[in-house]
Structure formats: C-alpha cells, structure tokens
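Okay, structure first, notes after.
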C-alpha cells in the first residue's frame, strides 16, 4: 500500500505542531483496597505525609499512613465510586485552604469549598491547613479584654484576646449559646470601631459532627442579627466523612490565622472537639494504628495541643494580632475526669464549666462559678470591671458554702443572714436571657448595684425586673455615664463612683 504525498505533509504538519510540547508527568499509584473511607494505595513511593492525592472523578484524599509497600489514604468524600485498581494521582501539595476577607459572611466545608449556594469565593491567598504554632518570641501576654456580653463570664471568668478558654459541660447545658452570644456581642464593638481594624474582632465558627439543621438554625440567627457580616462558618456535619470532621478545625484555624498574621483580631469557636477526637479515633483504628486509653490513639493529646497552640497574642514586631479560641467539649454525666476533657483542660488557659443541675434550676447561663476559672484573670479586664467584679466571686463562693450549712441550722446570726440574702440576689442577678448580650459599661453598673447593696431590699423574684428597668433607665437617661465608662477606662471610685450612685439612686426611687 503506497503512501500519498498529501498524507506525508499532513503527518509532518502534525509532528511540527506538537514539537516542543513537554509531556505531563504525573506520579500515580493504584488502589489495592477501599472501604470505610480508607483506601490502601500501592505505587505512591514519594508521597509526603499529609499530602493531598486525587482519585478518579475529582475525589480527594490525604495520605496519612506511609508504609513499606503501600500508603493509607483517608478519603474526603464518598468512597463508593472508588474501586480496586483505580489510579491515584499525587498533587504534590500539602492540604491547603483559601483564606482572606472574601470568606466572611460565607458557609464553607472543611476544604474551604462554599456550601451556601452564594457562588464561588474569590480568596486572595491559600494557607496550609496544619502549620506550626507561633514560637515563644513572637508572643505577648494576654492583656486586652474579649467581651462576651455575659455578666457571669465577663465579671468572674474574663477572657482576653489571644486566650484559649474551654467551654465544658454535658449536652443541652447551653455551651453553643455562650459561643453564639459572644459572636453577637461583637456587633456593637465592630460598628463602633468604624475603620479601625485594631479594635474589630472577626469570628470563625467551626461545626464538627453536628446536625445540619442545627448549623442552618445558627446561620439563620447570624443572618437575622447581621452578625454574619464579620463571621465565617466552617461546617463538617454528622453526615460528612470522618476525615472531613478531623480536618475542619485545622482548616478553619488556617483561615483565622490570616487575620492574626495581618495585625487583626479573630475569635475561633470549635463546636465541639469531642466529636473531632471521635472522628480521629475512627480514622486511626481503620488505619490499624494501635489504640490506647478509651481506644483513642496515642497521639490524641497532640491532635488538640497543636491545634489550640495556634491561638496566640502576637507582639508589636509581629503586628499585634491575636487569635482567641473557645473550644467546646461535651462531657458524659458531668465527668470532667474523662480522657479528652482532662487533655483539653490541661491545654487551655481556663474553663467555663456548665452544669445540668443549674440549667434545670433556671440559672442560665448555667456557669458553675466554683469550678470555672480563667488563668489569665483580671489582666483581661478593663479597670472599671476589675474594681467592681472583685467582690462578686468571693461573695458567691461564701454564699454557696453558707447555703449548704444553712440547710442544717435554723438560727443564723445577722451577718450570715445578710450574706445569704445578698448571695441569693447576686445569683439571680447573674441570670441572663439568650441573644441579649450587655456592653461592658452596662455590666459594670449592674454588678456595682449588686455588690453595693442596692438590691438588698428588692425581693428575689423581682431582681430580674429590677435589672431590666435599670438597663432601660441607663440607656435612656444615663447615656453620658455609659459613654464615660466605655471611653475613659478607670477604676470605679471618686467622681465615677458618685456618678453611678447618682444614676442608681434616681432609678431606685422610681422602682416599685
């Protein structure tokens, strides 16, 4: 069969057209077995630990177990479409996520993909999900308050910017409510800050292993209040694979570090880390890593310590930014001595302990002030708050102690009776409805009233009504006083004390 001249020229043209094109080289392996979200892959000899790999159909996975003849890969997605013999490609990049201001107001998954139906995200940069925490030299002591708007927290368990404060308690004790109120409370501060980025606080909420309906409800609340504008929600829900629930906190922290490293302030809420530990346990057991206490792997402490150490307050040379963390841990039957709770308590700078019993007594937020502590203490409070909040914790502690004794004895001396009366009113004063955060100045005035005896003659059942009336009075007739406390931070004594007393006296006369 002869070759025609036209064919020769066509072949030559084709060869010339393809000349100089480099062949695309991809390192590939083959799936040996797949199941339970784990794939064993042979042939990826040069893969790095934590590297992203790609399966057919665009499904991604992360190489975790690097063994002699195969690699254990956890799959970020549905493993039903992956079968034995499929090719797996190296991406040559460690798991990274988008970061930047474009993420604010959005809901994303553990890899930073939008899941809110509002279109793609134009992120300015990408950051590696699991990075090393800042060292000792770039850090600075926590000294700026991070207001939650909750009287019991801001007065007795103050949280500072750059602190890690654990919220711990049984299910249905109001852990998420405290976190959500903290996000909502930042709205007034962010609006007052205007263009001053050093005063604003951006919020990142990470939902780990929660029901989708719960996350949808939370996002709806953020949208209704306008808080979504400065908030990012990262959701790895109960229906997502375990690797996604494991990765989401790291990915969200990388997104939050963008603010910290640019001299701004961010707050990250992990809701909750118990479920991340369970997801990690599932992955580790399926990867055949040896189990330890409560079947958790040996490095479960490192899982949480390397995550929470990334929250820090940076010094001036590094931009003065901060990342504050509020990790949430769910206990079983109030047992704080279980493995994961004790681990996280030892990593964090204090804990807010919520009790079922208090919750059902109607004391909400159900904070057990005896077991709760902030290891940063009053250095994270304003001078005004510091001067009025000091006696509260002591008086409540004495009240709890005396209340236990008073059950046995009937005849009490006047001093003890006075202590019990004051304690009952202070306990009532610490109650606060959800979605009603107070400003720092309002809390100062309310606590001052409680500790200086303004409530001693008010019946316990009327304390809530008295407080609501006082807040209304302050917001309408004493705006100058609230502005003074906010703008000129100083101890409550002398002139300022007289101003507060005058406002309280005026209100006390009118209250009936």
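Using N, Cα and C of the backbone, Cβ positions are placed for all residues, glycine too.
Keep in mind that what you see is a predicted model, and the values were worked out from it rather than measured.
For 169, 170, 171, 172, 173, 174, 175, 176, the entry in Swiss-Prot reads ATP binding site. Marked as site 'Required for activity' by Swiss-Prot on the basis of sequence analysis: 372.
Following the DSSP three-state reduction, the secondary structure of residue 171 (ATP binding site) is coil. Proximity of residue 172 (ATP binding site) to non-local residues of its own chain (separation of 6 or more, Cβ distance below 8 Å) is seen for 356, 359, given in sequence order. Rounded to a whole number, the C-alpha distance linking residue 372 (site 'Required for activity') with residue 169 (ATP binding site) is 11 angstrom.
The Cβ of 171 has fewer other Cβ atoms within 10 Å than any other of the binding-site residues 171, 175.
Listed in chain order, the residues near the ATP site other than 169, 170, 171, 172, 173, 174, 175, 176 are 330, 354, 356, 359, 366, each with its Cβ within 8 Å of the site Cβ centroid.
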